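Okay, structure first, notes after.
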């Protein structure tokens, strides 16, 4: 909300001006008094309620973010509010929580030192006036350090990680609009202000690269390459079509803003890849994740967040199970680790739980994190040996999405 | 003509036989008794456990990796044939019906669609999954079916979108989903 003060030179009669001034003073007085009462300790309480303590309670800060800092989103099932759980993945310790609105998007910036969360709220719970906004949260204090109002145009879907994104240099935030027409919202993070809705064709997801450019994925199977200036003026061109009409790609691919590496499996188990940069898109020859024998035994990927990629190890982590066709969003119990260059299966991790989302840490001794909405839990595995290392339970209603710093 | 004559003759015999055994007063008396008795029926003790079962219904028929196995009997179960590509709460369990929204919600005029097979008549129908909007998520009979469901870049077939576009009062908040038929799939 923006409050504008005028210069007092409007043509209203003096009496009306005085009345308005009087009402404003009254409102300020009443509001101020209420604020004091609401924020204080009730006067009717006895002294027992405010006794001096031998202990000294403080408000903690979370430790600095590292490679095994994990954020888990519980957005419920299209509920009006959501929760991000901050977890130290080294020891499965819950560090704190962050509130968000309906179907929010989290973006980790500055190597995990802040989180940007795009949210939607309504003035009367599920009705009334819609308000879209982006909060910048310090990942140590978990307090907001900026609050940016944006137009009420966020694309509300079951949470897809790449429907909003920081730019490669953390200077801008991009968010997708679907209705009334396709567009991408541009936010200037340094000025903490919304810039413009940039009209787009029928394309989805946001894959930023350096030099104020990003890619989107279009209905015809091509990528759209977009460059933009600080005022939101764009230049757009399409790449070649890189997958067939019946290669149905999952809604949550793996993308590294640091390296520009895009890993995108289809529901049939074909792995499409690209290296994205400011100079364009380089597509890598796709391969099948499963052998013909495995496909005959009905092995196929499945889950909501079914793929993760370890940059230095060049390993694809693919969530999969034996399943019938058209069960691509149901949970899986296994992760296949695949060499991203040769397509060779390196190992298979039997997690022993119904898992809907996975993420692998980017350090030299990586952990595999796996979310289970049914168990309301996050499981931790050694990504090399596959051994389960821990579980943290009672994570809200249905924790699904996993976010890790790059 | 002969057949018709025979039919008329049979009916006439039955009518005469009934008339000879039944007086008008007796008939009116029995009819009155039937009407009064029918009026008293709701006051008699009735086993309403069936209705209690409905009130306490839990989510049933949830799809597993074995795929969607449609049935045509229980509309409040996830495996009811019209729900083959639904992702959300069945309005039938939330105060609405299979094809109507619960009180206080707003019906969206837009939706994703899917072709669903009805095992009852062995026909395939196009279903338009219309969301009922403007209230918090219902939470009951939460189903995740994905028969023919496509990624978000094919939005007309994607069930992951809040399909409240065009609902009155700009109600872009999801409550539940109904499964009306568009017509037979070609």
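The backbone N, Cα and C atoms fix where each Cβ goes, glycine too.
TrEMBL does not curate its annotations; it predicts them automatically.
Quick look at what TrEMBL annotates:
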type	residues	note
ACT_SITE	B:112	active site, tryptophylquinone 6'-substrate hemiaminal intermediate
ACT_SITE	B:131	active site, proton acceptor
DISULFID	B:78-B:143	disulfide bond
DISULFID	B:84-B:116	disulfide bond
DISULFID	B:91-B:176	disulfide bond
DISULFID	B:93-B:141	disulfide bond
DISULFID	B:94-B:138	disulfide bond
DISULFID	B:101-B:132	disulfide bond
DISULFID	B:133-B:164	disulfide bond
DOMAIN	B:71-184	domain 'Methylamine/Aralkylamine dehydrogenase light chain C-terminal'
SITE	B:177	site 'Transition state stabilizer'
TRANSMEM	B:27-46	transmembrane segment
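When the Cα of residue B:91 (disulfide bond) is compared against those of the recorded positions B:133, B:164, B:177, the shortest separation belongs to B:177. In sequence order, B:93, B:176 are the disulfide-bonded residues from B:93, B:101, B:164, B:176 with a C-alpha within 10 Å of the C-alpha of residue B:138 (disulfide bond).
The disulfide-bonded residues close to residue B:132 (disulfide bond), defined as a CA atom within 10 A of its CA, are B:164 out of B:78, B:84, B:141, B:164.
With respect to residue B:101 (disulfide bond), the closest of these recorded positions in Cα terms is B:177, chosen from B:84, B:93, B:112, B:177. Counted within 10 Å of its Cβ, the other Cβ atoms near residue B:164 (disulfide bond) come to 27, all protein chains included. For the pair formed by residue B:93 (disulfide bond) and residue B:131 (active site, proton acceptor), distance between Cα atoms is given as 14 Å, rounded to the nearest Å. Of the listed disulfide-bonded residues, namely B:78, B:84, B:101, B:176, the sparsest Cβ surroundings within 10 Å are found at B:78. Helix, strand and coil content of the domain 'Methylamine/Aralkylamine dehydrogenase light chain C-terminal' (B:71-184), in residues and according to DSSP, is 12 helix, 43 strand, 59 coil. Rounded to a whole number, the C-alpha distance linking residue B:84 (disulfide bond) with residue B:94 (disulfide bond) is 19 angstrom. For residue B:116 (disulfide bond), applying a Cβ distance below 8 Å and a minimum sequence separation of six or more within one chain yields B:70, B:81, B:82, B:83, B:84, B:85, B:124, B:125, B:127, B:147.
Cβ neighbour density within 10 Å is lowest for B:138 among the disulfide-bonded residues B:91, B:138.
In sequence order, B:102, B:132, B:138, B:140, B:141, B:175, B:176 constitute the residues six or more apart from residue B:94 (disulfide bond) in its chain with CB-CB distances below 8 Å. Among the recorded positions B:78, B:112, B:177, the ones whose Cα sits within 10 Å of the Cα of residue B:133 (disulfide bond) are B:177. Checking Cα-Cα distances from residue B:177 (site 'Transition state stabilizer') against the recorded positions (B:78, B:112, B:131) with a 10 Å cut-off leaves B:131, in sequence order.
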